[in-house]
Amino acid sequence: MDNKISPEAQVAELELDAVIGFNGHVPTGLKCHPDQEHLIFPLGCTILIQAINTQEQNFLQGHGNNVSCLAISRSGRYIASGQVTFMGFKADIILWDYKKRELLARLSLHKGKIEALAFSPNDLYLVSLGGPDDGSVVVWSIAKRDAICGSPAAGLNVGNATNVIFSRCRDEMFVTAGNGTIRVWELDLPNRKIWPTECQTGQMKRIVMSIGMADDDSFFYLGTTTGDILKMNPRTKLLTDAGPAKDKFSLGVSAIRCLKMGGLLVGSGAGLLVFCKSPSYKPIKKIQSQGGITSITLRGEGHQFFVGTEESHIYRVSFTDFKETLIATCHFEAVEDIVFPFGTAELFATCAKKDIRVWHTSSNSAHRIGVTAIATTSDCKRVISGGGEGEVRVWQIGCQTQKLEEALKEHKSSVSCIRVKKNNEECVTASTDGTCIIWDLVRLRRNQMILANTLFQCVCYHPEEFQIITSGTDRKIAYWEVFDGTVIRELEGSLSGSINGMDITQEGVHFVTGGNDHLVKVWDYNEGEVTHVGVGHSGNITRIRISPGNQYIVSVSADGAILRWKYPYTS
């Protein structure tokens, strides 16, 4: 009986401790919960529920790929989220219970991508819009967790519908809009049908980016790629007015929100946040933010609201003085590296293409400084740097002076990883030319070269420093003898994709790896077996580190996410 159990069965799950990041590219992805205490937003395939005051986090995990849209019911009881998947495959919608933080139902009908979701005002129905390959609109019963009916979202001679919004008063009416199409739908429950009526805009042809409904259902407003706003009447299905006539919003109206007191909050693709009123739509108040605005979410009636941008900034704005406060910021592109300072687990630094950020581990907060990437000796007197051309440079650093001691030219391709021995007399560099070189830092020359048929991505010294472990694009983890460069053993590190990051504990008992399979794996060094697996990244993991003192594992990925995991063993 025992021999049938797969080795994967004994692998424990790694506990996710904290997430730093926000995917600002999801339209209306940032939501303030009706309890006014929590922000809800997607990051990769995870949905974060974060307390506004205490920053405490909960995670909703269940999607197999990136979350593409998010909706919260008006009562706050339910959250719905949709995902992207591969062409031809079914994309899931997941219905979550907010209070219990658990999955209620998985709704699968659409193919490829879920474009948008909306709840009816009394939590009776959920409407979903499929992506370009799917093109259908489906109404789901929340009580039965099943589809009521569906229909093609747009006519034959127009583009795709990309936005959906429910009526604020009636459970039977909703609006879809997109490229050249604006439709008001009526749900006919006894016959299980939805009936569309095309809205007339005359000569005006527009691509709709965002949509907002007035509280009394008197009008709905459409933000367009042209940079103007259309005001439509849902009863007559006619255009009431459009504007502004001049000075349209640059890069389109990407977010729109109706306020109870009258007027609109409008966000543009150029990062301009504006309060304006029909029919002129001229700015009454305005703020410039960093990155195109993708979400505006009200806290309560709108006395305070939150704004999310493409550059992963979250702002809090109070309506009365219209001043913004940056409350969260993180990398919006691939994170390239992580490093902990010597002997402290309190801080760590991450770098992306354009910025370096230093984070405080327990509070996950950051400040911005310059841009570079280096490896240092523990006495801080030398810096060893590797370049894209394969050169390894040793620099001597004094209080006022920086001197290049030696340029070591052996590698033929870029240096991907540098590790320094504890006594600062030796270092190892891994390169994508398929070599690892062990350098003598006293005589500044090569000690040993290791060759393999792979592009090396990472290397680690075992703490006793007579062995090194390497991994790279061939998915194998190799143990090597430092003295003569011979291979001791090879492990199959991943079933799919390169291993990009690796780190080893101070005792050398366990090590961690991460790569293109999006999994964080904890290994037993001597047994060569996986003991724990962490699922949470949806981009390729680029680097991984264990904090000094073995409290946390921090992993970063190509989608800009930083995940902090609880280290599974007590040191």
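Including glycine, each Cβ sits where the backbone N, Cα and C put it.
Taken from Swiss-Prot, the feature repeat 'WD 1' covers 62-106. Residues in the repeat 'WD 1' (62-106) partition by DSSP class (helix H, G, I; strand E, B; coil) as 0 helix, 26 strand, 19 coil.
Long-range neighbours of the repeat 'WD 2' (109-150) within the same chain, counting only residues 6 or more positions beyond its ends whose Cβ lies under 8 Å from a Cβ of the stretch, are 27, 68-75, 77-78, 80-93, 95, 160-171, 174, 176, 185, 187, 189, 192-194. The feature repeat 'WD 2' is assigned by Swiss-Prot to 109-150.
Sequence-distant contacts of the repeat 'WD 3' (156-195), counting only residues of its own chain at least 6 positions beyond either end whose CB sits under 8 Å from a CB of the stretch, comprise 27, 115-122, 124-125, 127-129, 131-132, 135, 137, 139, 148-150, 201, 205-217, 220, 222, 230, 232, 234, 237. The repeat 'WD 3' annotation in Swiss-Prot covers 156-195.
Long-range neighbours of the repeat 'WD 4' (288-327) within the same chain, counting only residues 6 or more positions beyond its ends whose Cβ lies under 8 Å from a Cβ of the stretch, are 21-32, 36, 39, 41, 251, 254-257, 259-261, 265, 267-273, 275, 560. The repeat 'WD 4' annotation in Swiss-Prot covers 288-327.
Residues or ranges marked as repeat 'WD 5' by Swiss-Prot: 330-364.
The repeat 'WD 6' annotation in Swiss-Prot covers 366-405.
The repeat 'WD 7' annotation in Swiss-Prot covers 410-449. Counting only same-chain residues 6+ beyond the ends of the repeat 'WD 7' (410-449), those with a CB under 8 A from a CB of the stretch are 375-379, 382, 384-392, 394, 455-461, 463, 465, 468, 470, 472, 480, 482-485.
Among the features that Swiss-Prot reports, repeat 'WD 8' is placed at 451-490. Across the repeat 'WD 8' (451-490), the prediction's mean pLDDT works out to 91.
Here the repeat 'WD 9' (494-533) has, by DSSP, the following mix of helix, strand and coil residues: 0 helix, 23 strand, 17 coil. Annotation comment: Swiss-Prot describes 494-533 as repeat 'WD 9'.
Marked as repeat 'WD 10' by Swiss-Prot: 536-571. Residues 12, 14-21, 23, 43-46, 59, 61, 63, 65-66, 312, 330-340, 342-345, 348, 350, 352, 359, 361, 364, 497, 500-507, 509-510, 512-516, 518-520, 522 of the same chain sit 6 or more residues outside the repeat 'WD 10' (536-571) yet have a Cβ under 8 Å from a Cβ within it.
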DSSP helix/strand/coil residue counts for the repeat 'WD 2' (109-150): 0 helix, 27 strand, 15 coil
For the repeat 'WD 1' (62-106), sequence-distant contacts whose Cβ falls under 8 Å of one of its Cβ atoms, 6 or more beyond its ends: 23, 26-29, 31, 33-35, 40-47, 49, 112-119, 121-123, 126, 128, 130-131, 133-134, 140, 142, 145, 538, 559
Residue distribution over DSSP helix, strand and coil in the repeat 'WD 4' (288-327): 0 helix, 25 strand, 15 coil
